[in-house]
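Residues or ranges marked as Zn(2+) binding site by TrEMBL: Cys100, Cys103, Cys142, Cys145. Among the features that TrEMBL reports, Fe cation binding site is placed at Glu115.
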Amino acid sequence: MNTITPEVKTIDTVQLLSKNGIRPSIQRLAVYRYLAENDIHPTADALYLALAPSIPTLSKTTVYNTLKLLEKKHLVRSIAIENDELRYDADISDHWHFKCTKCGNVYDIFSKDTEKTKESALKALPEHFVPQKIEMYMWGLCAHCSRV
């Protein structure tokens, strides 16, 4: 499992992708590095717009395919926080997400009680329910927007 910490952000991305059976192309390296270094939970389109100026050979299709591959290999996760808008996070550790309803930014929320919350929710499931994914989301005003 890949947890993004300052140490993980500096690891050799080429080695990380190769170790996970992914050919480390310039485009794939750029997509993963951007996610690992920018804790902004971008959409695929936002990621493309951020990287395209520095990588002329990058296409939206490449970004989408790379994100699918990275998610399949458990190096990133998609966040469907609302509507059909998928965002991406390179930190796949257990944590919550908070979306500001004013500015639209998404923040990571870490809590020592995250595991307890998940266990409690699993215990509350009716018999024979089998969850495939557990996500925790909150909506409201971020610190900046609540002061404005």
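Positions of Cβ are set from backbone N, Cα and C atoms, glycine also.
Predicted automatically and left uncurated, TrEMBL annotations should be read as such.
Source: prediction; values computed, not measured.
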Within 10 angstroms of the C-beta of Cys103 (Zn(2+) binding site), what count of other C-beta atoms is obtained when all protein chains are considered?
12
Mind checking which of Cys100, Cys142, Cys145 has the fewest other CB atoms within 10 A of its CB? They're the binding-site residues.
Cys145
Which residues, in sequence order, are found in the same chain with Cβ within 8 Å of the centroid defined by the Cβ atoms of Cys100, Cys103, Cys142, Cys145 at the Zn(2+) site, excluding those residues themselves?
Thr101, Lys102, Gly104, Asn105, Leu141, Ala143, His144, Ser146
All-chain count of other Cβ atoms within 10 Å of the residue listed as 'Fe cation binding site':
10
When DSSP states are folded down to helix, strand and coil, where does Cys100 (Zn(2+) binding site) land?
strand
Round to a whole number and give the Cα-to-Cα distance in Å for the pair Cys142 (Zn(2+) binding site) and Glu115 (Fe cation binding site).
24
